Structure formats: C-alpha cells, structure tokens
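Presented below is the structure to which this report refers.
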Amino acid sequence: QNSNVENLPPHIIRLVYKEVTTLTTDPPDGIKVFPNEEDLTDLQVTIEGPEGTPYAGGLFRMKLLLGKDFPASPPKGYFLTKIFHPNVGANGEICVNVLKRDWTAELGIRHVLLTIKCLLIHPNPESALNEEAGRLLLENYEEYAARARLLTEIHGGAGGPSSGRAEASRALASGAASSTDPVVPGGLGGADGPMAKKHAGDALAWHPCGPGSILSTTYKQRCCVHRKLKNKY
C-alpha cells in the first residue's frame, strides 16, 4: 500500500492529524486507533465486539485507508480479523453506505468508525458482500449467530497488554491485540481541533445506531419480518 500523504493538501493533512490525535486520546467506546506516524493515510484500528451480539468477547482488527481525494471521497475499510458478517467480503472489505453513496466530506473518521461498529450490532443483509451470511441472517438467525460466534472465538481473541504503534503492528500481524492506549505524538492540541469540536457529543447527536437512524429503522423492520416468519412457520 503506497502512502497518499504526499497527494493530500497541507490543510487536509493538518485536519486528519488533529482528528487522529483526538481519536487516540478520546476514542469512541470500544474502539482504539493506532496511527502510523509516517503515513497518516493508513490507520490501524481495533473494535471490541459489542455485548449482546454474536461478536461479543472478540477483538477485531481493521484498517482505514484514506485515498488521495480524501475527504471528497470516503476512506476504504477492511477487517483484518476474519469475521462472518453480511457486510464484510472475503478480502475483508467493508460495505456500508457511509463509505459509499452516503459519504460527505463533513462526516470525518470518527463517524466512520462508529458506523462500522454499528454494523456489528445491526448488520444490513440488503447490501451483503457475504451472501451466505446475509441469507442466514434473514432465514435462520440461530445458525447465523452460531457461525459468527464460532469465528469470533477462533479469530477474535484478545492478547496481552502492549503500547505504541510498533507493538500494535506486531499484534496485528501475529493475531494478538493491544489492550492499552497507544503512544500519542506530543506537541499538538488535538482535543481542541476543529474535528474534535465538530463531533463533540456525537454519540447523542448523530450516532448512526441511534433512534430514528437509517440503520436502526432498517433493523427494526427486518426484526418485525423475522418475527412474523417465525410465528407463521
């Protein structure tokens, strides 16, 4: 993967640096970001499997790649940990609307990470990259959940404590994962950056899984259909 830093305008690099710094010091719940100090366009991330889902207890490694047109174009997201999920392809590619047609330059990296975590809670079988997972989710949830739990147990185990980007990279390569905060570059007031202020209170204001959101509404509709089918048969 070639770096796109040299292709980004200086003001965009500054915005990305500030938001990434904020994400390392004040990450969303259950998410940790490990910035590459030599390449801001390559972000390594860990996401804890949400409680009450087949992914609970797992620690999932993923990466976000910022293209040369960021933020005009959305980043690309990939799971590095093998996962059974309708919206994750065989190569780890993540299919979610915010990374495609619903993207706007104002959303930012934090919103992307929250939306990806939301997918672990509310999968969307209508845009499935893993057709088998999407079919099972709609037709046989128990089997879907069993398959997802099995892969979570096999591939999503958490490792011992470590710190810093180097340790995180080794963990990502070896199948372990960091359980402590990464080292944050000093000298920047990241928490006071414009992206941080923009997303202050995001969990209440625009969380993608929140009441009335597109994903939440779709999930409720699907659950109603699933219950009707179970009652009918």
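Glycine is no exception: its Cβ is also placed from the backbone N, Cα and C atoms.
The feature region 'Disordered', as given by TrEMBL for the ranges 23-56, 159-192, sits at 159-192.
Cys95 (active site, glycyl thioester intermediate) falls outside any helix or strand according to DSSP and counts as coil. If you take the C-beta of Cys95 (active site, glycyl thioester intermediate) and look for same-chain residues 6 or more apart in sequence within under 8 angstroms, you find Asn87, Val88, Gly89, Ser127, Ala128, Leu129. Helix, strand and coil residue tallies for the domain 'UBC core' (11-157), in that order: 59 helix, 26 strand, 62 coil [DSSP].
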